Structure formats: structure tokens, C-alpha cells
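Peer 1: Can you keep this structure in mind? I'll have questions shortly.
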Amino acid sequence: MISTKSLSRRGFLNMGAAAGAGLLLPKTGLITPAHAAGPLAPVAEEDAHIAFGHTGPTSDEGWTWAHDQGMKAVAAAFPKLRTSYVESIPYSADATRIYRQFVADDACMVFATSNYGDFLYDVAKRAPDVAFYECDGRNPLDNLGTYYVSHWYPSYVAGIAAGAMSPSGKLGYVASFPVPSVYSGTNAFLMGARTVNPEATLQTIVINSWFDPQAATQAGTALIDNGCDVLFGIMDEAGYLQVAEERGAKAVMWNTDLRRYGPNAYISSIIVDFKAFYVEQVRRRLVGEWTPTYDLLPFGGGVDVDAWGETVPADVAAKADAVKASIMDGSFNPFSGEIKDSKGNVKVAKGETMSEQELYHWNWSIEGVSGLDA
Amino acid sequence: MSTIRLQRMPIAPARIALVLRLLSVVLALLTTAILLWATGRDPIALGAKVLSSTFGSSFGLEDLALLFSPLIYCGLAVAVALRIGAWNIGAEGQFNFGAFCATGIALFVPGPTWLMLPLMALAGMIGGALWILVPTLARAYADVSELITTLLMNFIAMLLVYWVATGPWLDPSGMALATTARLPVSVPPIWGIVHWGLPVAVMLAIALALVFTYTRWGYEVRIAGANPGAAAYAGMPVKRQLIAVMLLSGALAGLGGMMEAAGTVGRLQGGISNNYGYIGIMVAVLARAAPLGVLATAFFMAVILNGGIVLQSQGLTTHTVLAVTGLILLYAAIGDEAAHYKILRNKTGES
């Protein structure tokens with residue numbers, strides 16, 4: 001469960017209403033709503049309709065599947081309410097139509113499990129009595145909150161193992177879009193790898209989708225053809241893991257334990273778990289406590305590294321586990337200066353540490369990452 | 001004794017074609033209903049839900065209008081090219097590139113709204129025409145099939161939009177991902193969130209219908225499409241007409257892209273075209289390339305697509321909708337072919 005206490009103990013920002021507009025504030029300092037409005041009125045469990053909008057199919061065994069598990073946890077915790085979901089919502093005006101349809105269907109709470117930007121924002125603005133959440137959202141309203149996972153920490157830890165298991169030092173990354181979650185994921189992964197393999201580099205290929213098994217497979221093949229021997233990515237399915245298995249390379253995945261698709265290639269996965277978050281937010285909505293929150297699920301509390309794959313050497317696993325422990329107890333923060341961008345400029349000076357907002361909004365590649373910066 | 005014999009006629013009678021067209025739609029919906037019923041759902045309740053959600057609220061009607069509008073532009077684009085016998089499979093690309101050009105003007109050229117909107121519309125049309133220029137010239141002068149070239153151009157335009165929206169034109173505020181900033185000018189609304197893109201599209205359809213019916217140029221285009229050899233023999237400038245019509249086709253799709261970016265979405269981002277260009281092919285084919293027919297079929301497709309949104313919120317997958325549209329086209333194609341046949345009865349022995 002996410003509590004303000006544990007967040008601050010670990011040095012996380014509480015992105016709650018009082019303290020937290022900060023996370024959503026880019027450095028340009030745009031004004032966020034003051035959340036002067038009180039909590040939304042309570043809803044009787046038997047009258048409640050909780051709706052989920054997904055970017056991919058719930059059968060993806062990855063991101064959307066994990067959110068669907070969250071929905072099932074909500075249904076189990078509140079058996080009298082109604083849940084519904086729509087899969088594979090495109091990032092077009094169709095998204096607006098689907099979210100409006102949820103509102104028309106009397107949803108009292110809507111979770112968008114991906115960033116739908118204005119398509120969701122416009123709907124939320126016209127439905128002030130409905131609670132909205134946008135995963136990886138940026139633009140809050142009195143009835144629109146945000147949640148995401150601080151995946152950069154587990155990505156860093158997995159990067160350590162990846163660096164140790166890459167003889168060539170050439171890492172590959174199958175990217176969806178050049179967006180902050182991809183920048184933070186690639187940067188953290190390479191920074192981890194460089195602690196054991198200082199010359200390591202990371203090449204990315206952008207495929208313009210979170211769920212396109214064919215394109216992800218092609219991208220993985222191209223990266224290995226180019227000499228990469230460890231693949232990472234931010235895909236909702238297992239495509240490039242199978243490529244790595246066939247080609248004798250290694251891979252780090254996202255969302256769920258996918259080792260059965262490539263037992264020899266599998267190093268680990270960035271595991272996500274939204275069940276507790278969803279149940280808690282639905283509870284707040286039903287009892288009439290709900291105001292929007294800006295939650296970043298912490299390392300170990302919604303996002304983690306999976307158990308190591310069977311081909312990960314014990315000493316490599318031990319080393320990565322030690323770093324994980326030091327991050328989790330707060331004694332070590334990997335995102336400290338000096339950090340240079342891909343053009344060689346010093347972006348984080350020696351002695352400085354990146355804040356959670358900076359990590360959330362990360363939009364530049366570190367030196368050694370290629371393929372994202374325009 | 002008499003036997004029944006089928007005779008194929010070169011031209012299908014319009015009335016029979018229309019009846020079969022309507023019948024094909026009914027059959028497609030009936031097939032869908034049977035499949036829904038067979039998988040344990042209640043097709044009547046779902047159908048009622050679709051109708052009430054689409055027509056029973058201002059939300060539904062607004063959504064319908066916003067789907068209707070781009071389908072008219074793309075349907076007209078494909079239909080116009082079909083008049084002269086060209087297959088513009090590239091409305092999707094022209095739509096994207098038109099949106100791209102209009103966005104460029106909106107983001108980088110300062111000016112008052114009354115000047116900006118016509119300028120952006122012009123940019124959208126020129127962009128759409130430019131995007132079909134190479135396939136047009138290749139078809140006119142090198143006899144390269146426009147079917148392939150226009151299709152391939154789609155991928156370039158789509159990737160170009162993805163690239164600018166996530167790279168050089170990315171919203172600098174950091175408040176939105178993978179999209180440009182909100183455009184400083186927008187197409188003004190006429191009702192709720194429905195903007196002027198729709199009435200403009202309807203007026204264009206009517207204007208095109210008048211041009212094709214009452215002008216010499218429209219007549220020549222039809223002849224050139226039906227029989228280019230005969231048209232050329234009659235002294236018509238077939239090549240010039242082909243070029244003009246295909247550029248017009250691209251311009252229509254490009255204008256649709258401008259209206260989508262500056263009216264409906266308010267930004268430029270990858271995937272903005274939402275397959276309207278491809279669905280436009282279906283719209284034009286079902287309308288038998290008649291501009292006024294496009295209004296009817298675009299409306300019908302908008303209802304189907306909006307119905308798909310409603311069905312998805314009732315637990316059906318997005319593929320169901322795709323299957324329904326495919327079924328309609330399949331039955332329509334069968335109906336079109338069937339319309340060519342006449343049933344003859346004759347006595348044995350006679351011939």
C-alpha cells in the first residue's frame with residue numbers, strides 16, 4: 001500500500017494534493033489547479049461503475065494484463081460494483097469517444113492505463129463528477145489524477161546484470177516513442193550497465209507503438225544484427241525476448257515474468273503491480289474521500305526487478321542485489337552527478353542528485369545512448 | 001417446360017443496384033447479430049444500446065458528427081479519383097501530410113485567425129495535392145499503377161508525422177507526450193464540439209455533385225474514366241484531366257487532415273488519421289463514386305464506427321467492428337456483381 005510515510009522515508013516525493021503538484025510541473029512552471037474543490041461525493045458500491053481504458057489487449061501478458069489484474073482485484077474487493085474495460089484504444093479522437101462513452105455509461109471512476117493527453121483531459125473537464133486517473137499523465141485537473149511507477153530504479157539494477165552479461169558492451173533497446181519513460185528507462189539501464197562495463201553503449205529503435213509484436217520482433221532482430229548482445233525495451237509483450245533466445249543473446253523485459261518465452265535469454269523483468277493502488281483509490285472514491293493524487297509507486301511497492309533468470313551468474317546477481325538493497329534503504333541514489341547528455345553537455349553537476357520530478361520528466365539521453373534525441 | 005437462365009448485362013440497373021446495396025447492409029448486420037447471439041450476447045439489447053448512445057444524447061451526436069466529417073473528406077477524395085478510373089489508396093497519407101502542412105503554418109506563422117484558417121486550409125490542400133503528385137505523374141507519364149504508389153506514400157507520411165510530433169515539433173511545455181503543442185488557432189465550433197469542418201465537407205460534396213453533373217469538365221472526366229481511348233479519340237485532354245482530378249483528390253484528403261488537426265484534435269500527433277483514409281475507400285466504393293452518395297455512406301460508416309465504440313464499452317473487442325465493416329463490403333461486392341444479372345425464363349427448345 002502506498003502511504004505518504006513510506007514515500008517520504010525513501011526520499012520519494014509525496015505527490016499528494018498538498019505537496020505535490022510539483023511532480024507534474026515541468027521547469028517552465030505552468031500553473032496546476034489548486035484543488036480547492038472538495039472530495040467527490042460518495043457512491044454506493046452497488047451503483048458504482050469503474051471503467052478501465054487500455055492501450056493494448058488484456059491478453060498481452062504484460063502491461064495491460066497487469067492493469068487487468070488490478071481491475072480484477074477491485075472486483076474482488078468490492079464485489080457489488082460493476083467493472084468494465086476497453087482494450088487497444090488508439091491515440092486518436094477515438095480515445096475521446098471511448099472515454100466519453102464510459103461517462104455516458106455512468107462510470108464514477110475511469111482509469112486510463114496509458115497517457116492519452118488531451119483526449120482524456122477534454123473528457124474529464126466536461127465530466128467534473130467523475131474521478132479520472134491517467135497513467136504517466138502530465139496535465140492534472142480537480143478530477144484528474146496521475147499515477148506511474150518509478151521504474152528507473154529497477155531499470156538501473158537490471159542494467160548492472162545486463163552490463164555484466166554483455167561481452168560486446170553493446171546494448172539494444174526496443175522503444176515505443178521518444179517519451180520520458182523511454183528516456184528514463186534507457187538512461188537508467190545504461191548507467192547501471194556502465195558500473196560494470198564502463199565502455200557500454202545503448203542503441204534504441206523506436207517502433208511507434210507499445211504493443212506491436214511484429215515490429216518489436218523486427219527491431220530486436222535489427223539490434224542483434226547490429227552487434228547488440230543484450231536487449232531491453234518497453235514493450236507490452238515478449239516479442240524481442242524470443243528473438244534474443246533464438247539468436248543466443250540476452251534480454252531484460254517489462255511488466256511480468258516472461259522467462260518461459262526465453263529461459264536462456266531471460267535476465268529479469270521490470271515487474272509492475274497496480275492492484276493495491278487501484279483497490280485503495282476505488283475505496284476512497286466509494287466512501288467520498290477522493291481527491292486527485294499524483295502517485296509514483298515506489299521501488300518495492302508496485303515496481304520491482306523480477307527474480308533473476310537461470311543463466312544469470314550468482315556473483316552478478318549478488319552484485320545487483322546489493323545495489324538494489326542500498327537504493328531501497330536510501331543509502332545510495334544512482335542518479336547523481338556528474339551526468340552528461342548525448343551531446344557532451346554536463347546536465348547534472350557533480351554532487352547534485354536528480355529529483356523525482358526530473359526523473360519523471362527526463363527528456364534527454366545520456367552520453368552513450370543513441371537513437372532517441374532528434 | 002421452362003428453365004431459368006441468368007443473363008449478364010454490361011451495366012447494372014441503378015435501382016436494382018441500390019436495392020441490393022441496402023440488402024447487403026441488412027445481411028451484414030444480420031450476420032453480425034447471429035454471431036453475437038451465438039456467442040451468448042443479446043444482439044437486440046446491444047443494437048438498442050448502440051442506437052440510443054449514438055442518437056439519444058448530444059454526446060453521441062457530437063461524436064457521430066466528428067466521425068462523419070473526416071469520412072466525407074476521405075470518401076470524396078477516393079470517389080473523385082474513381083470518376084476518372086484512378087484508385088487513390090493514399091488518402092491516409094494525404095490526410096496526414098495535409099495535417100502536417102497546416103500544423104506547420106499554425107505553429108510557425110503568426111497571424112490573425114481570420115487569415116490563418118484560410119491559409120491553413122490552403123496549406124492542407126496543397127500538402128495533400130503534393131503528396132499525390134509523384135504517383136499522379138508516374139501514372140500519367142510512365143503508366144505506373146497509382147494503386148501501389150499512393151499506398152506506399154502513406155507510410156512515409158505517417159512516419160513523418162510521428163517523427164515531427166515526437167522530435168522537432170514536440171510540445172515544449174512537457175505537459176503532453178508525443179504530440180505538438182496545442183495549435184494557436186482552431187476551426188471554430190458550430191455546435192458543441194462539432195466544428196466548421198462538417199458543413200464545409202457537406203458543401204464540397206454538393207459542389208462536386210453539381211460539377212460532375214452539369215459541367216462539360218465533369219462530363220469529360222466521366223468519359224475519360226469510362227473509356228480513355230475513346231475520350232482521347234474524341235479530342236479530350238485525358239492526361240491533363242487525370243492529373244487535375246488526382247491532384248483534386250489529394251487536396252480533398254489534405255483538407256480533411258487540416259480540419260482534423262485544427263478542429264477535432266487541436267494538435268498534430270502520430271495516428272491522427274485514425275484510418276479515415278482507408279475507410280474512405282470503403283465509403284467511396286459503397287457510394288459508387290457519387291459525391292452525394294458519399295454523404296450517405298460516410299454517415300452510415302460513421303454510425304457503424306460509433307456503434308463500434310459503444311460495443312467496445314460493452315465488452316466486445318475492436319476486431320468485431322472491423323469484421324462488421326468487412327462483412328458489409330463483402331456483401332456489397334456480391335450485391336454489385338449480382339445486380340448485373342437478369343433472370344430470364346425461356347422454354348426448352350427455344351434459344
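Here the Cβ of each residue, glycine as well, is placed from N, Cα and C on the backbone.
Quick caveat, the model's predicted, so the values are computed rather than measured.
Feature table excerpt (TrEMBL):
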type	residues	note
TRANSMEM	B:64-82	transmembrane segment
TRANSMEM	B:94-111	transmembrane segment
TRANSMEM	B:117-138	transmembrane segment
TRANSMEM	B:150-170	transmembrane segment
TRANSMEM	B:190-212	transmembrane segment
TRANSMEM	B:242-259	transmembrane segment
TRANSMEM	B:279-304	transmembrane segment
TRANSMEM	B:316-334	transmembrane segment
Peer 1: Same chain, outside the transmembrane segment (B:279-304) by at least 6, Cβ under 8 Å from its Cβ: which residues?
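Peer 2: For the transmembrane segment (B:279-304), the nonlocal Cβ contacts are 17, 21, 25, 54, 64-65, 67-68, 71-80, 82-83, 89, 91-92, 202, 205-206, 208-209, 212, 253, 321, 324-325, 328-329, 332.
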Peer 1: Do the transmembrane segment (B:150-170) and the transmembrane segment (B:190-212) come close, with at least three CB pairs under 8 A (pairs 6 or more apart in sequence)?
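Peer 2: In this chain the transmembrane segment (B:150-170) does not contact the transmembrane segment (B:190-212) - fewer than 3 Cβ pairs sit under 8 Å.
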Peer 1: What stretch in B:64-82, B:94-111, B:190-212, B:242-259, B:316-334 has the biggest tally of Cβ pairs under 8 Å against the transmembrane segment (B:117-138)?
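Peer 2: Between the candidates B:64-82, B:94-111, B:190-212, B:242-259, B:316-334, the best contact partner of the transmembrane segment (B:117-138) is B:242-259.
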Peer 1: Given a Cβ distance threshold of under 8 angstroms, which distant residues of the chain, six or more beyond its ends, lie next to the transmembrane segment (B:64-82)?
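Peer 2: Tertiary neighbours of the transmembrane segment (B:64-82) are 54-55, 88, 91-92, 94-95, 128, 146, 191, 193-194, 197-198, 201-202, 204-205, 208, 225, 245-246, 248-250, 252-253, 255-257, 259-260, 263-264, 274, 276-277, 279-281, 283-285, 287, 289-291, 293-295, 297-299, 301-303, 305-306.
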Peer 1: Could you tell me what the rest of the chain brings near the transmembrane segment (B:242-259), counting residues at least six beyond its ends with Cβ under 8 Å?
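Peer 2: Counting only partners 6 or more residues beyond its ends, the transmembrane segment (B:242-259) has Cβ contacts under 8 Å with 69-70, 72-74, 76-78, 80-81, 83-84, 86, 88, 90-92, 94-102, 120-121, 123-133, 135-137, 139-140, 146, 187, 195-197, 200-201, 204, 221, 224, 272-273, 276-277, 280.
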